[in-house]
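Q: Copying in the features that TrEMBL gives for the protein in this structure:
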TRANSMEM  58-86  transmembrane segment
TRANSMEM  106-131  transmembrane segment
TRANSMEM  152-176  transmembrane segment
TRANSMEM  244-266  transmembrane segment
COILED    279-306  coiled coil
Amino acid sequence: VITRPEMEIGRYHWMYRSSRPHRYHHVPALRGNISPLGIQGCFECCIKCLGGVPYASLVATILCFSGVALFCGCGHVALTGTVSILEQHFSTTASDHALLSEVIQLMQYVIYGIASFFFLYGIILLAEGFYTTSAVKELHGEFKTTACGRCISGMFVFLTYVLGVAWLGVFGFSAVPVFMFYNIWSTCEVIKFLQTNVTVPGDQICVDIRQYGIIPWNAVPGKACGPILENICNTNEFYMSYHLFIVACAGAGATVIALIHFLMILSSNWAYLKDASKMQAYQDIKAKEEQELQDIQSRSKEQLNSYT
């Protein structure tokens, strides 16, 4: 008895006798999470994406953002507190510290500009790190580094070097108010110690702000002595301004470290791009020679066939 499937097979061969028999090809075993269509799974995609992340540039960017944020935020508030302390205790006449107030206001505007510039510059350097990482990892693929890309990387190296030197100056400048507030605070500690030991009065111990050059010598009163100076040290403005200047100085130091880190990364990336360009030139020459060799072989075969 002929079954229905056998009848269908016979009908197929009767209708398509001229067709070739179907050949079954071996399908390789799938590895991991790769689908039969050749699409990578989620795990492989995540590993590939994580492998292309420039971790060194990411760490430097986070450190740069943190340092600039600390310097700009704490420095802005500390400058405001410093003006308040001067107006209340060391320079009661507005005309005496008018120039200082204008300078501090200008510095606050500069702080706004620094924060905006470094936010944009850090993002650009991070993007350049992604670009260079892709160039290195896809060196043997279709990715091509251009002379413009190498020139931009060199420009970033020079600009980061200049900014690093400038921030060394900012770091040194931010240490000046810390030194001034530390002198005032240490003087207040001496007054407290003398009040505990009643053998020596502390009324003759003073701090003259005019000697630092931030207010003129004709400013009134210009100095604070004894209990008045101790009360100044106990105010919230002095306490907050002193500690905020310390944090701002630390933020400037962190920014210097981040720029040095960026400088090392950009220098190594520029060297990688330079080597990549040489490798690409070698591969182009090699591909051209192979193409010429294939053309010669094909022409020789054509001539041989024509002779035969």
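Note: Cβ is positioned from N, Cα and C throughout, glycine not excepted.
What TrEMBL says about a protein is an automatic prediction, not a curated fact.
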Q: Between the stretches 58-86, 106-131, 244-266, which wins on the count of C-beta pairs under 8 angstroms to the transmembrane segment (152-176)?
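A: Per the Cβ count, the answer is 244-266.
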Q: Could you pull the average pLDDT for the coiled coil (279-306)?
A: 74
